[in-house]
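Engineer: What follows is a structure written as structure tokens; I'll ask about it next.
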Amino acid sequence: MGSFFSTMFTPPPAADDGGDSRVVAVHSTATWDEQWGAHKSNPNKLIVIDFSATWCGPCRFIEPAFKDMAGRFADAVFFKIDVDELSEVARQWKVEAMPTFVLIKGGKEVSRVVGAKKDELERKVNMFISSSSS
């Protein structure tokens, strides 16, 4: 019976960071500063940051959907930040739970999704990308 529950409630393994994913995994403050500087001032570019942790089951559960969104929404930039590696960046964005997805336009937070809420995240990404189109 123990194996039944572990099978039912164990999230899938995290997908590999390699491959064709458009998600930019940020592992250093210098890389974050460079990426943030390159994208923050564009008022039409949606930035989506996935604040997660390797030990977070819900983070691993939603990761394939996040990568899929990054592939489908080419007009947005998708970042993944491990809160244990870049705790200062997570603190700056007031991340208190994982996963937290922060949506940014023109350098300002426009929305946030806390938890592995794939449908809500996709709806918000779609909404803010659509609002960029003129």
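The backbone N, Cα and C atoms fix where each Cβ goes, and this holds for glycine too.
Heads up, here are the entries from Swiss-Prot:
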REGION    1-20  region 'Disordered'
DOMAIN    3-130  domain 'Thioredoxin'
SITE      Asp50  site 'Deprotonates C-terminal active site Cys'
DISULFID  Cys56-Cys59  disulfide bond
ACT_SITE  Cys56  active site, nucleophile
ACT_SITE  Cys59  active site, nucleophile
Engineer: Give the distance between the Cα atoms of Asp50 (site 'Deprotonates C-terminal active site Cys') and Cys59 (disulfide bond), rounded to the nearest whole Å.
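Structural biologist: Rounded to the nearest whole number, the Cα-Cα distance is 9 Å.
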Engineer: Indicate whether Cys59 (disulfide bond) is helix, strand or coil by DSSP.
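Structural biologist: Where Cys59 (disulfide bond) sits, the three-state DSSP reduction gives helix.
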Engineer: How many helix, strand and coil residues does the domain 'Thioredoxin' (3-130) contain under DSSP?
Structural biologist: 53 helix, 31 strand, 44 coil
